[in-house]
Amino acid sequence: MMPPKNSYLHRRLHSFRYAFSGIAAFIISEPHARIHAVATMLVIALGAWSHITAVQWIVISIVTGMVWITEMLNTVIEKMMDHLSPDYHPRVKWIKDVAAGAVLIAAVVAVITGAVVFLPVFFK
Ligand SMILES: Nc1ncnc2c1ncn2[C@@H]1O[C@H](COP(=O)(O)OP(=O)(O)OP(=O)(O)O)[C@@H](O)[C@H]1O
């Protein structure tokens, strides 16, 4: 049963629907996102297979989430700048490069974390 129209709960449910459609739009339109989706599923499968601890699951979840969030915000910034300022501009270069740098930091942290958690599984 749906809550009454325009009630607080009704508006929150709509916000969730928009957020989920945003995630779907990101995955459908961006090849990077599909690579992240496959990598995330592989990490979940590897974690389940190797019985990592609760703390290791938490750390893996945080770094995986960081990669998704930075990649999504980077894509938003790229598309926003392409829309607002399609011509070459040094300030746009700065904005896009810094946003890409954030993704790189998240990715490096995720790779290091993945290595620390999973390499001992293979070399024990
Ligand atoms: N309008 C612009 N003005 C200045 N530099 C730009 C501009 N557009 C892109 N660049 C430069 O090109 C780089 C790549 O930008 P782009 O938007 O193509 O990102 P991308 O990572 O290649 O995107 P995609 O997700 O499409 O692969 C930016 O980091 C920036 O250095």
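Cβ from N, Cα, C; glycine included.
Annotated in TrEMBL:
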type: ACT_SITE; residues: GLU71; note: active site, proton acceptor
type: BINDING; residues: ARG11, TYR18, GLU30, GLU78, LYS96, ASP97; note: ATP binding site
type: BINDING; residues: ARG11, GLU71; note: substrate binding site
type: BINDING; residues: GLU30, GLU78; note: divalent metal cation binding site
type: TRANSMEM; residues: 57-77; note: transmembrane segment
type: TRANSMEM; residues: 98-123; note: transmembrane segment
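Projection of TrEMBL feature records onto the structure.
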residue	record	Cβ contacts under 8 Å, 6 or more apart
ARG11	ATP binding site	none
TYR18	ATP binding site	none
GLU30	ATP binding site	THR75
GLU71	active site, proton acceptor	HIS32, ALA33, HIS36, VAL103, ALA106
GLU78	ATP binding site	LYS96, ALA99
ASP97	ATP binding site	none
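Neighbours of LYS96 (ATP binding site), defined as other CB atoms within 10 A of its CB across all chains, total 15. Less than 6 Å separates the Cβ from ligand 1 in the case of GLU78, LYS96, ASP97, drawn from the recorded positions TYR18, GLU30, GLU71, GLU78, LYS96, ASP97 in sequence order. Site extent for ATP: the farthest pair of Cα atoms among ARG11, TYR18, GLU30, GLU78, LYS96, ASP97 sits 36 Å apart.
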